[in-house]
Amino acid sequence: MGFKCGIVGLPNVGKSTLFNALTKTAAAQAENYPFCTIEPNVGDVAIPEPRLKKLAEIAGSAEIIPSRIQFVDIAGLVKGASKGEGLGNQFLANIREVDVVVYVLRCFEDGDITHVEGRVDPVADFETVETELMLADLESLEKRRDNLAKKATGQDKAAKELLPLVDLALAELREGRPARAADVPQGHEKAWKGLQLLTQKPVLFVANVDEGSAATGNDFSERVKACAEKEHAAFVVISARIESEVATLDDDEAAEFLAELGLEEPGLNRLIRTGHELLGLQTYFTAGPKEARAWTIHKGDKAPEAAGVIHTDFEKKFIRAETISFDDYVTFNGEVGAKEAGKQRVEGKEYVVQDGDVMHFRTGG
Ligand SMILES: Nc1ncnc2c1ncn2[C@@H]1O[C@H](COP(=O)(O)OP(=O)(O)OP(=O)(O)O)[C@@H](O)[C@H]1O
Ligand SMILES: [Mg+2]
């Protein structure tokens with residue numbers, strides 16, 4: 001499953017710096033001038049999962065394989081972008097493809113780093129960027145509506161379902177609210193998602209603070225936090241500068257550096273986990289002598305769907321799943337101990353997989 005988080009914001013606010021830290025590369029050019037990024041940079045990021053190390057120790061696994069999530073570093077956008085200002089519409093298609101929008105908001109003062117609006121005001125920056133996305137959604141819906149309304153008068157069932165949803169989104173957007181604020185009628189979630197609107201996606205705010213404020217946040221990030229609460233958005237404080245330094249260190253050095261700054265772990269770990277959470281995802285494990293591995297599934301997925309993430313054949317030929325919770329696996333020191341203690345369950349097709357389950361799938365045919 002390829003899940004994508006898109007990094008979005010005004011030019012020169014630290015998006016590429018954050019992307020490079022996430023991907024531990026210098027793949028994206030990150031320089032002090034606006035519109036440095038034009039083509040989107042795409043990178044795969046391992047999801048930090050401390051439980052994997054524990055499982056590998058117990059199972060004597062030769063290798064640890066985390067699951068991964070994609071980040072896309074998108075070009076900066078400015079006021080008027082939906083009408084072609086700056087790099088114009090080209091970034092919109094890039095945003096359309098992502099599952100979560102990560103707004104990077106500048107929360108640091110630095111006279112040497114150009115701010116396109118000439119002042120630091122992260123909440124106003126968020127409003128500027130989101131307004132462009134709302135205008136783009138409004139325009140695309142208005143274009144589609146006439147045609148859809150015609151179709152809906154005939155036998156077209158899909159059009160009949162879609163038209164009230166389009167009107168629902170239009171009503172929100174015309175009130176100056178993003179489509180995600182709409183109350184979608186039950187049973188129509190799939191058609192709603194199919195509208196593919198930019199402002200429909202879950203949102204995560206990154207307050208990109210100065211190096212001294214990484215552990216505590218600052219006045220700017222406090223304002224972003226209040227705004228995130230109002231918007232029902234997730235929120236993380238990060239200093240992209242620090243993260244880019246941490247990314248170049250080995251594990252021990254990084255831990256020491258972070259401790260000096262009063263941080264327990266890289267801010268990126270919080271960011272990745274929050275993205276994972278926002279996507280409604282969870283993790284199950286497989287563990288053996290060859291590898292300890294994390295697999296990403298949706299919350300609520302049943303055992304055959306979980307098996308299908310390993311191999312589509314596993315889903316089709318699913319018979320049963322032998323399952324041990326992570327806690328039992330650790331308490332009873334692995335599979336054999338858990339089994340002896342009666343903690344290994346045999347689950348069938350209807351089993352809803354729980355976060356942290358350690359699983360073996362039995363397949364037939
Ligand atoms: N937390 C921070 N503190 C101080 N400087 C920062 C911080 N984060 C990023 N910068 C600096 O801001 C400048 C712009 O960073 P970057 O190129 O990552 O921005 P961008 O958002 O990708 O810009 P563009 O939209 O033009 O591609 C760089 O000089 C970077 O070092
Ligand atoms: Mg950039």
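Here the Cβ of each residue, glycine as well, is placed from N, Cα and C on the backbone.
The number of other CB atoms found within 10 A of the CB of GLY14 (ATP binding site), across every protein chain shown, is 26. According to TrEMBL, the feature ATP binding site maps to ASN12, VAL13, GLY14, LYS15, SER16, THR17.
What TrEMBL lists as coiled coil is 131-158. Sequence-distant neighbours of the coiled coil (131-158) (same chain, 6+ residues past either end, Cβ-Cβ under 8 Å): 77, 79-83, 89, 92, 95, 166-167, 169-170, 173-174, 176-179, 191, 195, 197-200.
Over the domain 'OBG-type G' (3-280) the predicted model carries a mean pLDDT of 90. Residues annotated as domain 'OBG-type G' in TrEMBL: 3-280.
Sequence annotations record features per position, and here TrEMBL assigns domain 'TGS' to 280-363.
In sequence order, GLY9, PRO11, LEU18, ALA30, CYS36, GLY76, VAL104, ASN208, ALA240 are the same-chain residues whose CB sits within 8 A of the CB centroid of ASN12, VAL13, GLY14, LYS15, SER16, THR17, the residues recorded for ATP being left out.
Look at the domain 'TGS' (280-363): DSSP puts its residues at 25 helix, 33 strand, 26 coil. Considering only the binding-site residues VAL13, LYS15, SER16, THR17, the Cβ with the fewest other Cβ atoms within 10 Å is that of THR17. Contact annotation for binding-site residues (VAL13, SER16, THR17) versus ligand 2: SER16, each with CB under 6 Å from a ligand atom.
Close to ASN12 (ATP binding site) in the fold, though at least 6 residues off in sequence, lie ASN32, TYR33, PRO34, CYS36, GLY76, ILE113, THR114, HIS115, VAL116, each with a CB less than 8 Å from its CB.
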